[in-house]
C-alpha cells in the first residue's frame, strides 16, 4: 500500500465517521405547529376571558361600594378578590396580542405586565384561601369569630396578603425580558444558563403557593364546615354542603391541571424528561390548561358573590337604576323573579350559617 492509498483510506474513514457522527447529533425539537395553534385559538379565548372577567368583577366592586359599604371581613375579602381578578384580566389583552403576533410593547411593559399577571395570580388564590378561613371561623368557631372577623382584621390580613403576593411575584419582574430570535420578539422569563436553581424554585413556588397550600387549607376548612353543618337540622343545609363541594371541585378542576403541567415542564427543563414528542404535547397542554385556569377568574364573581341571596338583591337594585341596553334590563327582571324580596335565612347566628349563605 502506497502513501496515496493510505491517504485515500484515511479520507474515506473521515467521511464515514463524520457522516455517522452527524446522524447521531440530536436534531432540534421543532414547534412551529404549536405557535400556529396559539396564534389561532389563544387571542379569542383571552378576549372572552377578559370581557367576562372585567364585567363580572367590575359589577362586584360597584355593588360592594354602592350597597355593602365594606362592613365586614367578608366584604373586604370579596373586594380584594375582585381587584385581584381585575388586575389579572387587565394583562390578558397584552398576552392575546403577543400570542397572535409578537411582543411589540418594549422591555418596560414586558416586565410590568409579567409582574402584574403574577401579582393577580397569587393574590387571587390567596384571597380564595382567606375566604375559606373566614367561612371556617364563622361557622365552626362562631363565638370566637365575633372578635376575629372584624373589618380591621380584614384590612390588616388583606394588606399582608398583597405584600406576600408582591414578593412572590418579584422573580417575574426581575427575570422577564425581551429578546429577538429569528426575527421574532419574545417576552419571556429567561434565566441565565447556570441558573437552574431559579427555574426549579420558580416552578416549585407556583406549585406550592398556587395549589398545595391553598388546596390543603380549603380541604381542611370545608371538611370542618361540613362536619359542623351535619349537626344542624336545617332545610338549607344540603344546599350549603353542595356549594362547599362546588367551590373545592371548581378550584381543583381549574387550577390542578395547570400546576401538574408546570411541574412536568420543570422536569423537561432539568432534562429529566427528554422526548421531542412529549415536549410538543406538553406545550399544547400548557396553552390549554393555562387558558382553563384563566376562566376561574370569571367564575369567582358567580361562586362567591352572585349566588348569595343578599347579593342577588343588590344586583337587581343596581340594574334597576341602569339606563343601559334592553337586554341588561330584561336580565334584571329575570333575576328579580328568582330572588327573594327579603334576604330570608333559617341559619342561626350561633352556628354562623347565615354568613356561609350570604357568602355563597
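Any Cβ shown, glycine's included, is placed from N, Cα and C.
Cβ contacts within 10 Å of residue 110 (disulfide bond), excluding its own Cβ and spanning all protein chains shown: 22. Taken from Swiss-Prot, the feature disulfide bond covers 110-187, and the record attributes it to sequence analysis.
According to Swiss-Prot, the N-linked glycosylation site annotation covers 183 (among others), on the basis of sequence analysis. Within 10 Å of the Cβ of residue 183 (N-linked glycosylation site) there are 6 other Cβ atoms, across all protein chains.
Residues annotated as N-linked glycosylation site in Swiss-Prot: 194 (among others).
Marked as topological domain 'Extracellular' by Swiss-Prot: 1-39 (among others).
Residues 127, 130-131, 134, 138, 149-151, 153-155, 157-158, 314, 355, 358-359 of the same chain lie 6+ residues outside the topological domain 'Cytoplasmic' (68-77) yet bring a C-beta within less than 8 angstroms of a C-beta in it. The topological domain 'Cytoplasmic' annotation in Swiss-Prot covers 68-77 (among others) and rests on sequence analysis.
Counting only same-chain residues 6+ beyond the ends of the topological domain 'Extracellular' (99-111), those with a CB under 8 A from a CB of the stretch are 38-39, 42-43, 46, 173, 176-178, 184-187. The topological domain 'Extracellular' annotation in Swiss-Prot covers 99-111 (among others), and the record cites sequence analysis as its basis.
According to Swiss-Prot, the feature topological domain 'Cytoplasmic' maps to 134-150 (among others), an assignment based on sequence analysis. Helix first, then strand, then coil: DSSP counts for the topological domain 'Cytoplasmic' (134-150) stand at 14 helix, 0 strand, 3 coil.
The topological domain 'Extracellular' annotation in Swiss-Prot covers 176-206 (among others). Here the topological domain 'Extracellular' (176-206) has Cβ contacts under 8 Å with residues 98, 102-107, 110-111, 113-115, 168, 259, 262-263, 265-266, 269-270 of the same chain, all six or more residues outside its ends.
Positions annotated as topological domain 'Cytoplasmic' by Swiss-Prot, on the basis of sequence analysis: 227-242 (among others).
Listed by sequence, the residues of this chain that lie at least six past the ends of the topological domain 'Extracellular' (268-284) yet keep a Cβ under 8 A from its Cβ atoms are 29, 31, 33-34, 37, 196, 199-200, 203, 261. Annotation comment: Swiss-Prot describes 268-284 (among others) as topological domain 'Extracellular', evidence class sequence analysis.
Look at Swiss-Prot and you will find 309-360 (among others) tagged as topological domain 'Cytoplasmic'.
Below 8 angstroms of C-beta separation, residues 75, 78-79, 82-83, 85-86, 88-90, 92-93, 95-97, 99-100, 287, 291, 294-295, 297-298, 300-302, 305, 311, 314-315, 317-318 of the same chain, each at least six residues beyond the ends of the transmembrane segment (40-67), sit close to that stretch. Feature annotation from Swiss-Prot assigns transmembrane segment to 40-67 (among others).
Feature annotation from Swiss-Prot assigns transmembrane segment to 78-98 (among others).
Long-range Cβ contacts of the transmembrane segment (112-133) within its own chain (Cβ-Cβ under 8 Å, at least 6 residues beyond either end) map to 74, 77-78, 80-81, 84-91, 94-95, 105, 157-158, 161-162, 164-166, 168-170, 172-173, 176, 187, 189, 209-210, 213-214, 217-218, 221-222, 247, 251, 255, 297, 300, 304, 359. Sequence annotations record features per position, and here Swiss-Prot assigns transmembrane segment to 112-133 (among others).
Annotation source Swiss-Prot lists transmembrane segment at 151-175 (among others).
Annotation source Swiss-Prot lists transmembrane segment at 207-226 (among others), citing sequence analysis.
Highest Cβ contact count with the transmembrane segment (243-267) among the listed stretches 78-98, 151-175, 207-226, 285-308 falls to 285-308 (criterion: pairs under 8 Å).
The transmembrane segment (151-175) shares the most Cβ pairs under 8 Å with 78-98, out of the stretches 78-98, 207-226, 285-308.
Averaged over the topological domain 'Cytoplasmic' (134-150), the predicted model has a pLDDT of 87. Rounded to the nearest whole angstrom, the C-alpha distance between residue 183 (N-linked glycosylation site) and residue 110 (disulfide bond) is 18. For residue 187 (disulfide bond), the Cβ neighbour count at a 10 Å cut-off comes to 23, with all displayed protein chains included.
Look at residue 110 (disulfide bond): DSSP puts it in a helix.
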